[in-house]
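Participant: Annotation source Swiss-Prot lists signal peptide at 1-21, citing sequence analysis. According to Swiss-Prot, the domain 'DSCP-N' annotation covers 22-142. According to Swiss-Prot, the N-linked glycosylation site annotation covers N72. Residues annotated as compositional bias 'Gly residues' in Swiss-Prot: 148-174. Sequence annotations record features per position, and here Swiss-Prot assigns region 'Disordered' to 148-184. What Swiss-Prot lists as compositional bias 'Low complexity' is 175-184. Among the features that Swiss-Prot reports, domain 'Follistatin-like 1' is placed at 188-210. Per Swiss-Prot, domain 'Follistatin-like 2' is recorded for 231-253. The domain 'Follistatin-like 3' annotation in Swiss-Prot covers 275-298. What Swiss-Prot records for 315-338 is domain 'Follistatin-like 4'. Per Swiss-Prot, the feature domain 'Follistatin-like 5' maps to 355-378. For 418-440, the entry in Swiss-Prot reads domain 'Follistatin-like 6'. Annotated domain 'Follistatin-like 7' per Swiss-Prot: 479-501, in sequence order. If you look up Swiss-Prot, you'll see 515-535 marked as domain 'Follistatin-like 8'. Feature annotation from Swiss-Prot assigns domain 'Follistatin-like 9' to 571-593.
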Amino acid sequence: MLFLKNIGVFFMIFLVSKSYATDCNKITNEEECHKSSECIVINYTPCCGEQKWACSKGTFDTCTYENSCYRNSSNNQVVEVSNKCFNLDGFIKITTPTEYSCSDAKIKECALLGKSCSFQKNSCSNPTSCCPGESICEGLSSGSSTSGGGSSGGTSGGSSSGGTSGGSSSGGTSGSSSSGSSSGGVSSCSTTHCPEGYHCSMVNDVATCLASTTGGTGLPGTSSSTAGVSSCLTTLCPIGHICVEDSNGVNCVPNGGGTSGGSSSTGTSGGHPDPCRDVDCPDGFHCECKDGKTAKCVPSPTTGSSSTSGGHPDPCKDVTCPDGFHCECKDGKTAKCVPSPTTGSSSTSGGNTNPCSNVNCPDGFYCECKDGKTAKCVPSGPTQPPKPPVCSLRCPPNHECRFNDQGHQCCVKVHHDRCSLRCPHGHECKVDHNGKECCVRSHRPPPPEVCSLRCPPKHECKFDDHGKKCCVKIHCDEVCDLDCGRGFECKIRHDGSKCCVRSERPHPPQHEKCNKRCPPGHECKVDQHGKECCVVAHRPPPKCSLRCPPRHECRVNHFGEECCVKVHHDKCSLRCPPGHECKVDQHGKECCVVAHRPPPKCSLRCPPKHECRINHFGEECCVKSRNDCLTCEDLNCERKGLHCAMKTVPIDKENCCEKVPVCYSTNPLLDGGHGFI
């Protein structure tokens, strides 16, 4: 039983640790990938492209050097990777890097065509080992004399006098040259036999044996339609060509427009037959062309991982299809070049056609073409949001006009509670449209300045928040008795709290009349926030004459009445140094402050080089002088045959000697005529 329990605990720990594991492939920030202890940054390079990076799971100890080639399943792009931990989604490992020479299989392939193999390096500035160049079959070998096709004089170039080049085939095999001008219907994968490890594909309408990237297929006699072989994922096209799947199988066709040899099946003349080629859709959209002439940006399917490396959400954005084909992405992640519909006039013969004329952008975007060839969908509409409509219905009390979800006007009940803020005189509490309480100036006229109700003892007449007269109890603690510092004075706010404010303040505006009724010795003021408060007048307040019990003192309250209030602080108990005295501040804290009386004089007679001081406890004592100034006795000038004099020092600072002793001679030969040594 204990064993089963331990297994269960271990299984739960395994599940928890697995749930908290880092998914390195989802990290799109290179710095975050470096910081993660479970992930490693791996660089990869496309053919003739700039280096990129990917975040993969692993460490520097486990992820060692291994040069490999991968193909992106979404756009058939081949990349070179130098780390064995590379596992980016959508990439399939295809081959190991090839040598910079013709392989034995390519030599056999060229021999079957009666040609010799020649390796041509890639012309870009940074070719990778995964696509260093291409092996091509060119010329006639020395032993091939069976060229059927009317060559004049048996020249090695295979050029016929009739103007067709390379039209001869030997033994029914695909003997057309690589120039792409074969006579239609001569070469076909159904009659082409490739060596082991190769399969047949149509390159420029010529049956060509290409290296298979999956083992076990491509036996002699298999065509491009054999199961497992007819796929762009297992086809390596020559440099400058792209793999296309159509109803006839797998074909390698030239990549890009403008190439000579109008082998396009669309019947177009000039321009770009693919309308989506120069259309830049916004993020979340991709270009589709279903009628062969109108490009339309449509929403991309929302899949979980349509872009694994933080690139463009539209897989067709980085795919260039050949003439007669256009890119489609139906599942949101796989870009595929499909034949364009054969329309009579997919592009006009004129060269000044507006690229935006056949582009439909999504809602909120419009087509823009700044370079004359690239159509781009950019956000449209005003730069500022439109003003909201005004609700104009007249609603009953406690209701307000609002727009419902359908945009219709209706009266709804206001659900907020009563406003609970306590506002100053002349203001009232309101709840705004966001439900927030605030004090606003009242629209009703202010109450009269004098409250005329006769109230009982220890009560006074006041106006409530609605302007009505009422008697309220007088509180004896409303005297502004804070001990404020110099330059400050005590004030009582409208809510009864006390505060110290700076005395030198700008006077309130003259049009704001202060309406608060203040006690004798006080006056009404409007502070910098527009609040009314009673402050001590600059004239002395009336003297308080009541005799109060111990720990109490006589005070004049806020309304001019005398009363005894309790003293809340005890006697100050701090022992302060001379010249200081103990005080209790407005917070009840004891502190030593400088006394306004002069400090006591020290009367002790002290020995030489000492002085009388009063210590921290008020006791007199003799201490050694801080500035022990030298005298002539200290120098012993007479023993040297010199005279001594006290010279004034031009420094007027505390603890500095006013004079210093100097030895001098009257003989100018000894001191250079200066008189001092």
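Indices start at 1 and increase along the chain as displayed.
Placement of Cβ uses the backbone N, Cα and C atoms for every residue, glycine included.
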Participant: Can you tell me how the residues of the domain 'DSCP-N' (22-142) break down into helix, strand and coil by DSSP?
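Facilitator: The counts are 18 helix, 43 strand, 60 coil.
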Participant: Mind tallying the domain 'Follistatin-like 8' (515-535) by DSSP state, helix then strand then coil?
Facilitator: 0 helix, 9 strand, 12 coil
Participant: DSSP on the domain 'Follistatin-like 3' (275-298): how many residues come out helix, how many strand, how many coil?
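Facilitator: Across the domain 'Follistatin-like 3' (275-298), the residues distribute as 0 helix, 10 strand, 14 coil.
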Participant: Quick one: mean pLDDT on the domain 'DSCP-N' (22-142)?
Facilitator: 80
Participant: Tell me the Cβ contacts of N72 (N-linked glycosylation site) under 8 Å, same chain only and six or more apart in sequence, or just say none.
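Facilitator: Listed in sequence order: V78, V79, G90, F91.
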